[in-house]
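Asker: Taken from Swiss-Prot, the feature transmembrane segment covers 3-23, 25-45, 59-79, 111-131, 149-169, 200-220, 242-262, 274-294, 325-345, and the record attributes it to sequence analysis.
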Amino acid sequence: MKPPIFIIIMTTVISGTMMVLISSHWLLIWIGFEMNMLAIIPILMKKFNPRAMEASTKYFLTQATASMILMLGIIINLLYSGQWTMLHTPNPMASNMMTIALTMKLGLSPFHFWVPEVTQGISLSSGMILLTWQKIAPLSVLYQMAPSINPNLLMSMAIMSMLVAGWGGLNQTQLRKILAYSSIGHMGWMTSITVYNPTLMHLNLVMYIMMTLGTFMLFMYNSSLTTLSLSYSWNKFPLTTLLILMLMLSLGGLPPLSGFIPKWMIIQELTKNNMIIIPTFMAIAALLSLYFYMRLTYTTALTMFPSMNNMKMKWQFENTKKITLLPPLIIMSTMLLPMTPMMLILY
């Protein structure tokens, strides 16, 4: 893709998301979603091979269906309340339809099937945009809709997403699919707290984006797509092997790393709302995800695969890939736990 075209497309993607973020009018929000969806498709098709085209088609069909359900919910709300503003969604049917549409855009269970397939069919850079930036707009609308959302509907979808993420990631060897199931699980954690304390969703989103960006950048730096290729990186990029270990454990929510903060605060908030069984079940479901993160960590950093070469380190040219953003992202993704008291004040 030529740079001027790429700049125009990325500007449209960012403009669509910003329109959703700053609007309180349902029609403008819907237009922002459509701008964002139509502009992201050329980015997904950047490779221009049959697999990327198939992934883009699946993404388009899912997002178009979600947009149709969202518009239907908006029209029902308009007929019931006579207003286009987001703060007036008194009709439970309209609210439920909008919630289902937004969760379909996010990839929550039972509408999660498109996320692993689309992520597997596109490049790592496109997958990074899909699993980070594309989550911001639907979550911002859920944040503003929080008072009118049915908590039972959203909580059931959140718990299903955590279970699906845990079971789905267990037998995966493709790194993109592992990160897709990781995204489904983290979306479940975010939406579980939306109704009870929406600001905690912000914290979880920020932490998730930092950890996912760092992981994708490391995989792009290593040019790794499978667990096997990642396991051979120890003698080419020894430092990145250690960094991947830290990031995987942080994504799994293991203390004392940064990924533990949102899980800790969400479980604490749900317990304050006299919910004991649900956070216990969520913590158990998180163990499934932690298992495949630990397995990936073990194959990457704790085993040494046999080599026919007597040299431990491989000879290679100097890597010219720029990783300017990687050091601060890794620091924030792994070492923010001591700053939890300040986050408690903010959130």
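Glycine residues also receive a Cβ, built from the backbone N, Cα and C atoms like all the rest.
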Asker: Can you tell me which recorded stretch out of 59-79, 149-169, 200-220, 325-345 has the most Cβ pairs within less than 8 Å of the transmembrane segment (111-131)?
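Answerer: Between the candidates 59-79, 149-169, 200-220, 325-345, the best contact partner of the transmembrane segment (111-131) is 200-220.
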Asker: With a Cβ cut-off under 8 Å, give me the same-chain residues at least six positions beyond the ends of the transmembrane segment (3-23) that come close to it.
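Answerer: Long-range Cβ neighbours of the transmembrane segment (3-23): 29, 31-40, 42-43, 86, 129, 133, 136-137, 140-141.
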Asker: Going through 59-79, 149-169, 200-220, 242-262, 325-345 one by one, which has the most CB pairs that fall under 8 Å from the transmembrane segment (274-294)?
Answerer: 149-169
Asker: Are the transmembrane segment (149-169) and the transmembrane segment (200-220) close enough that 3 or more Cβ pairs fall under 8 Å, when only pairs 6 or more apart in sequence count?
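Answerer: Taking Cβ pairs at least 6 residues apart, the transmembrane segment (149-169) and the transmembrane segment (200-220) are not in contact, as fewer than 3 fall under 8 Å.
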